[in-house]
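Quick look at what Swiss-Prot lists:
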type     : residues    : note
SIGNAL   : 1-19        : signal peptide
DOMAIN   : 53-87       : domain 'BetaSPN-type CS-alpha/beta'
DISULFID : Cys56-Cys77 : disulfide bond
DISULFID : Cys63-Cys82 : disulfide bond
DISULFID : Cys67-Cys84 : disulfide bond
Amino acid sequence: MERKLALLLLLGMITLASSGLREKHVQKLVTLIPNDTLRSIMKTIVHKLAKTQFGCPAYEGYCMNHCQDIERHDGSCHGFKCKCEKS
């Protein structure tokens, strides 16, 4: 039962993370999980998924929107991550 719950939480967090929500929003959900090994594993997974921006190669203009939202700069896709240009 615990394995099924962990898998369900993992899939839910992956869905939320890939839908454009930022890591800070998903980490708020992680705090609802009791303190134990499962919580630390889930926090690590969410952090790693948040660092990889799946929308970068898939959606044209994703990095431009991402960088405008975060840093108010132009952005371009570099591998699987957005690269925000500095002024």
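Cβ coordinates are placed from backbone N, Cα and C, and glycine is handled just like the others.
Around the Cβ of Cys84 (disulfide bond), a 10 Å sphere holds 18 further Cβ atoms from the protein chains shown. All protein chains included, Cys77 (disulfide bond) registers 20 other Cβ atoms within 10 Å of its own Cβ. Cβ neighbour count within 10 Å across all protein chains ranks Cys63 highest among the disulfide-bonded residues Cys63, Cys82.
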